[in-house]
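**Q** Per Swiss-Prot, domain 'RCK C-terminal' is recorded for 404-486, and the stated evidence type is sequence analysis. Annotation comment: Swiss-Prot describes 3-23, 30-50, 53-73, 95-115, 122-142, 185-205, 232-252, 271-291, 304-324, 335-355, 364-384 as transmembrane segment.
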Amino acid sequence: MDAVTINSFFLVAALLVGASVLLSALSSRLGIPILVIFLAVGMLAGEDGPGGIHFADYSVAYLVGNLALAIILLDGGMRTRVSSFRVALWPALSLATVGVAITTGLTGLAAAWLFDLNLMQGMLIGAIVGSTDAAAVFSLLGGRSLNERVSATLEIESGSNDPMAVFLTVTLIEILATNQQGLDWFFLLLQLGKQFGLGAGIGLGGGWLLWKLINSARLAPGLYPLLTVSGGLLIFALTTAIGGSGILAIYLTGLLLGNLSLRSRSTTLSVLDGLTWLSQIGMFLVLGLLASPHKLLPIALPALALAAWMILFARPVSVWIGLLPFKNFAPRERWFISWVGLRGAVPIILAVFPMMAGLPNAQLYFNVAFFVVLVSLILQGSSLPLASKLARVEVPAPPSPINRSGLEIDLDSQWETFVYRLSAEKWCIGSPLRDLRMPKGTRICALFRDQELLHPSGSTCLQSNDILCVIGHERDLPALGQLFSQAPEQDLGPRFFGDFLLEAAANMVDLAPLYGLDVSEVADQTLGDFLADQLGDNLVVGDQVEWQGLIWTVAEMEEGKPRKIGVRFQEEDPV
């Protein structure tokens with residue numbers, strides 16, 4: 001490769017990435033997922049588009065796809081709170097194993113019939129498109145405030161279901177390549193256990209060693225993110241090399257690092273955010289370049305039928321069966337989880353496997369997978385806001401600062417700076433600072449008014465559009481949010497929870513005269529205990545029950561237990 005070729009590569013890459021970044025603004029205006037924008041830019045630059053770039057190197061696509069996916073999962077793991085496992089771990093694992101197997105089987109049967117393939121070839125297509133995609137799920141759910149049970153289940157499922165899909169894909173490729181007639185089920189189960197066991201063991205063990213290394217090393221601040229990424233990729237590669245699931249390993253590594261005290265945590269997350277965006281852009285650009293629209297047209301109708309079968313039948317059946325043991329999921333939550341079975345880069349990367357193995361019909365497998373992913377992202381991704389409202393799984397977004405950054409003062413305490421802009425309707429407007437009920441251990445360190453820095457004192461009265469800088473901890477965010485945060489554009493709070501918030505510790509017998517309730521059967525219970533009896537354990541914000549003409553909704557949680565309960569009349573529409 002000469003200097004001119006290298007420079008041309010830099011020029012084209014910079015143009016494509018820059019165009020993807022600038023065009024990403026169209027996502028919100030057109031109501032389509034941002035990943036579709038990146039994919040479309042790649043297709044337009046490809047051989048059938050105005051760019052005319054001929055790219056058919058599947059090994060490079062495999063390299064870029066795996067590298068990008070590893071970084072995305074590392075970032076996703078670091079942003080997942082382990083507290084969400086309280087409500088979502090076992091349901092997500094059920095969907096990641098049983099759910100993927102059922103989706104593969106049902107989709108494979110349809111693929112064999114639609115494309116006139118034998119059963120094993122159809123099952124290979126089912127395995128390729130059988131898993132949800134972490135990049136798509138993290139990207140599309142990141143900006144939405146869904147109830148914790150639903151969002152955590154979808155995120156953990158997408159981060160842990162790839163081992164099953166990879167295992168099924170590799171196994172079926174081996175069967176087709178060697179013309180095997182029978183299956184050694186014991187061997188297959190052993191291999192599946194190896195994938196999950198090594199992935200989980202090395203991911204957690206390697207993550208713990210990486211955590212100790214990061215906290216003990218004395219480096220320039222900018223080097224800690226590089227150490228984190230390189231360590232995560234090392235764990236990913238080592239796990240894959242010995243037959244485990246590198247994808248699961250790096251997700252668990254990120255999960256462990258994100259839930260422990262980590263040196264330069266804020267800087268690392270900031271760098272990872274940029275790398276994740278670059279990974280998504282690069283991965284979908286390459287996959288878009290790899291696709292040839294003229295090759296998709298001949299299989300468009302059967303591929304569309306397969307996508308519809310998977311979205312409307314295979315995925316819902318797998319979700320309903322996978323979640324059968326878990327009674328906490330309401331039918332509307334099951335329906336939403338069924339609908340958000342987003343396919344993304346993983347199926348396309350898995351479709352590269354048959355190409356590299358030289359299987360017959362390999363191009364067909366790739367084209368079908370690409371078409372299914374495109375339909376999934378456009379149809380399911382674009383309808384996500386509407387689906388969340390119809391399923392009533394969207395809850396009012398918790399108040400949050402307009403900016404936050406870490407203070408590397410004490411590794412164990414994890415101090416942060418939170419920036420708040422005061423809106424006119426906040427109750428603290430006009431109040432002196434001495435009257436604010438600040439959370440213990442927090443301090444207002446700066447106040448900006450009309451672009452000027454003021455020295456705040458106890459007698460300073462707050463005004464609309466003041467900007468406050470507060471030092472505190474992550475655990476202080478709920479209380480600070482109630483004091484200072486900008487109200488959302490559409491305040492769902494009163495309409496969703498009701499005008500009255502009651503203490504979960506309130507006795508039912510005390511509430512009876514206020515609301516005209518017959519509490520003879522629950523007179524000895526608190527309101528929180530009553531809801532737990534009605535809805536089961538592991539409650540989340542947004543859980544609700546209709547009882548005696550009123551709707552009772554969990555409004556706040558504290559340490560896994562309800563703290564505040566909203567109450568409203570049934571005729572009030574929360575949406």
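Glycine too: its Cβ is placed from the backbone N, Cα and C atoms.
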**Q** For the transmembrane segment (232-252), what are the same-chain contacts with Cβ under 8 Å, counting residues 6+ beyond its ends?
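**A** That would be 66-67, 69-71, 73-74, 76-77, 134, 159-160, 162-163, 166, 191, 194-204, 206-207, 210.
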**Q** Going along the chain, which residues at least six beyond the ends of the transmembrane segment (185-205) come within the CB cut-off of under 8 Å?
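**A** Beyond its ends, the transmembrane segment (185-205) has Cβ neighbours at 163-164, 166-167, 171, 235, 238-239, 242-253, 256.
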**Q** Over the domain 'RCK C-terminal' (404-486), work out the mean pLDDT and round it to an integer.
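**A** Computed over the domain 'RCK C-terminal' (404-486), the mean pLDDT is 82 on the 0 to 100 scale.
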**Q** With the transmembrane segment (304-324) as the reference, which stretch in 95-115, 122-142, 335-355, 364-384 has the largest tally of C-beta pairs below 8 Å?
**A** 95-115
**Q** Six or more residues out from either end of the transmembrane segment (271-291), which same-chain residues have a Cβ under 8 Å from its Cβ atoms?
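**A** That would be 16-17, 20-21, 35, 38-46, 53, 55-56, 58, 60-61, 64-65, 67-69, 71-72, 74-75, 78, 135, 139, 225, 228-229, 345, 348, 366-367, 370.
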**Q** Considering only the recorded stretches 3-23, 30-50, 95-115, 122-142, 335-355, state which has the highest number of Cβ pairs under 8 Å to the transmembrane segment (364-384).
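**A** Between the stretches 3-23, 30-50, 95-115, 122-142, 335-355, 335-355 has the largest tally.
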**Q** When the domain 'RCK C-terminal' (404-486) is classified with DSSP, how many of its residues are helical, how many are strand and how many are coil?
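**A** Result for the domain 'RCK C-terminal' (404-486), in helix, strand, coil order: 14 helix, 27 strand, 42 coil.
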**Q** I'd like to know if the transmembrane segment (122-142) touches the transmembrane segment (95-115) in this structure, counting it as a touch only when three or more C-beta pairs sit under 8 Å and are separated by 6 or more positions.
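**A** They are in contact.
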**Q** Any chance you could find the range in 3-23, 30-50, 335-355 with the most Cβ pairs under 8 Å to the transmembrane segment (122-142)?
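**A** Between the stretches 3-23, 30-50, 335-355, 335-355 has the largest tally.
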